[in-house]
Protein chains: 2
Amino acid sequence: MSEKPSNLPVNSDRLWGTILETAAFGATPKGGVRRLTLSQEDRKVRDWFKAACEAAGCTVTVDALGNMFALRPGRDPSRAPIGLGSHLDTQPTGGKFDGILGTLAALEVVRTLNDAGIETEAPLCVANWTNEEGSRFAPAMMGSAAFVGDFTVENILGRKDAEGVTVKEALEAIGYVGAAPVGSQPFEAFVELHIEQGPILEAENKTIGVVEHGQGIVWYDGHITGFESHAGSTPMPLRRDALATFSQIVLAVEAIARKHGPDAVGTVGEVTIANPSRNVIPGEVNFTCEFRSPHAEILKALEADFAAAVTEIAAGRKGVTVEIEQVWRKDPTHFDPKVIGAIREAAEGLGYSNRPMVSGAGHDAFNLATRMPVAMIFVSCKDGLSHNELEDATQADCTAGANVLLHTVLSLAGVANAA
Amino acid sequence: MSEKPSNLPVNSDRLWGTILETAAFGATPKGGVRRLTLSQEDRKVRDWFKAACEAAGCTVTVDALGNMFALRPGRDPSRAPIGLGSHLDTQPTGGKFDGILGTLAALEVVRTLNDAGIETEAPLCVANWTNEEGSRFAPAMMGSAAFVGDFTVENILGRKDAEGVTVKEALEAIGYVGAAPVGSQPFEAFVELHIEQGPILEAENKTIGVVEHGQGIVWYDGHITGFESHAGSTPMPLRRDALATFSQIVLAVEAIARKHGPDAVGTVGEVTIANPSRNVIPGEVNFTCEFRSPHAEILKALEADFAAAVTEIAAGRKGVTVEIEQVWRKDPTHFDPKVIGAIREAAEGLGYSNRPMVSGAGHDAFNLATRMPVAMIFVSCKDGLSHNELEDATQADCTAGANVLLHTVLSLAGVANAA
């Protein structure tokens, strides 16, 4: 067993080329990608990915939900493989990097090892998870959630898109109903590289984010009932204005998140008025609201403060009622110290500036973390912008992330022999 | 010339019967009326109304915009007629009284005079104005606005509904393109009876509102531009949240109206988020806003305070811009002292409790007031509710309003002979 080749880089231009090449599957006019899960565009990128992995010497298996696994054998077949990868589906008007970078960088790691003639101790397994985005079928991160047993396969296969097409029908239509049972692929650990989807690395001019936590999250649906009345003839003291009540709640959400900052965020993303009219006082308002924090105790404090604020606001609005339903809750995720350490050491060893980070967004890695040691690598994206055709990242940052992924995987798997 | 018959009442049951009878033209399941202007339901009620006026001895003329005028001759043909009436069209889910009471009470006045054998000095002219509601075609109060020259007939005939049907086509389809030029019907004065559409008379247990003013009104369209970003990964201090900015504006509108109360109201009735999503910070928000006051100086103060508040709110939100466009403005209307006096004397003479009022809503009477002496009579409606299928008023209140209308008209027209 030789020394680990400590500065081996991935082939930056080859990695960048695959990002640009696959962006053609569902390319949008503004330079983004529309590649909804299990669509014909998704089929094309899956076919491309399968052929590329096989050309790189991997054996590709597909499970019953279309999750794809490309296995590169290691010297020690008794060890479960080190997993690496992400997803290839996109938002309806998504970008070229979200998920895609992590999957194609994993392929590039295999290609780089092949070029260098390096065999690892543990096998490697490159993964492409089905429906991370959740835009066509709910829930998001569907493939990895079913993989770890959060949903049954039957439950997921019956989910329908807006046109009434089921996941089962969509999988059959693109030929990605695999023979492998969902959850049967073993992993010793898993590493996911992803763009940050936030502005912190860019703002601090850091290259690598070492993701230690995933935020806990709580989602609410809100319903406010006041009374519709004439905007001209109803005096201010007699109004039961659902929209003014809503506005207090929005500002309370903002204030509560700031109070518990910096490790807390709170957002109202949706609002609709029933029967809106320019000259009618809104009588009924529906909205959604969420809070996130990487710390369990802060998440609980956010929930308590929100409940208290809603009660106080409703009490101050005579004749207005506010109903709040918590529709989803997930405790914070803590990634594995050993995998986190391997990522940090890889970044340091390669000379990349780095910082510990919390992931604000959800990722397949969070689902996997309930069953195996996991951590994530972030690289900067322009203006923190994601879920947008204008999403952008530099070749240098993508390459840096792939290099950290390579050396993290080498550290976790062990090097059997180097050329 | 004999004495005016000082206590002559209208036929309460006959008036109530016509309200219930005509409510069948467009009846809704919850007891309301859907009778959009120039629809087949509108044709039916117009045909009914024309036949009833002719049966009561009136000559009915229709102008080029479908405004209907039923003339009852007076002793002195050199005088222009005293006008009375309102409108028979409704909101999409409207009630049985809004506009309808004023038109059918005007018919009842003629019928009562016929029964009593009373001839007036000046002729009377019962009017049904086209498209007061504005729900199918904009603007609202279309027929009376064109009547006083605020719009040309050609302009109005070309207005389209949501299906692309023009006013001209709709008038032709129901056979109500009249021969009379718009604006040619002379009036010496005009009196409109209407439900209050507000809660004041009910709250103060008063029977008759003597309407002295119409509120001035200013309408705004607002557009807020922030930046869409990920709700999970964008720290609070870096957000450019268009919805939180909007919420501050809503509460500022409410506070400004309260500050200038009680003769001021302010309402935000509509809001939409562009690309709303539960986990995306809203980047673009559009809304509408209005202020009303019966006093010109208060209306100006509301406008100034609103402009200042928007500037201050936008300045406090880095990276967020707020654009406000004033899309309509109308100064307060002051009704005619002589007609107001005639209404107050009629109410007092009949022993009805009454109070001076401001109309919060717009009415055809406001348009007419720019060309002739005008005032309005209000009666209570249940819970102040209007533009709603649950709109309600009592037979006693409707009758009281019709009695005041009768004696106001007798006072203005003069009694030539009484039976």
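The backbone N, Cα and C atoms fix where each Cβ goes, and this holds for glycine too.
Site annotation (TrEMBL, ligand Zn(2+) 2) includes A:D98, A:E133; from A:H363, A:H387, the additional listed residue is A:H387. Taking each Cβ in turn and tallying the other Cβ atoms within 10 Å, the top scorer among the binding-site residues A:H87, A:H194, A:H387 is A:H194. Listed binding-site residues A:H87, A:D98, A:E133, A:H194 compared with chain B at a CB cut-off under 8 A give none as close ones. Candidate binding-site residues: A:D98, A:E133. Fewest other C-beta atoms within 10 angstroms, A:E133. DSSP classifies A:H194 (Zn(2+) 1 binding site) as strand under the three-state reduction. On a Cα basis, A:H387 (Zn(2+) 2 binding site) lies 8 Å away from A:D98 (Zn(2+) 1 binding site). For the domain 'Peptidase M20 dimerisation' (A:216-315), the DSSP-based tally of helix, strand and coil residues reads 41 helix, 33 strand, 26 coil. Cα to Cα, A:H387 (Zn(2+) 2 binding site) and A:H87 (Zn(2+) 1 binding site) are separated by 14 Å. Within 8 A of the CB centroid of the Zn(2+) 1 site residues A:H87, A:D98, A:H194, the other residues of that chain are A:S86, A:F97, A:G99, A:I100, A:L101, A:G102, A:T103, A:E132, A:I195, A:H363.
Annotated pair A:H194 (Zn(2+) 1 binding site) and A:E133 (Zn(2+) 2 binding site), C-alpha to C-alpha distance, rounded: 13 Å.
If you take the Cα of A:E133 (Zn(2+) 2 binding site) and the Cα of A:H87 (Zn(2+) 1 binding site), they are about 9 angstrom apart, rounded to a whole number.
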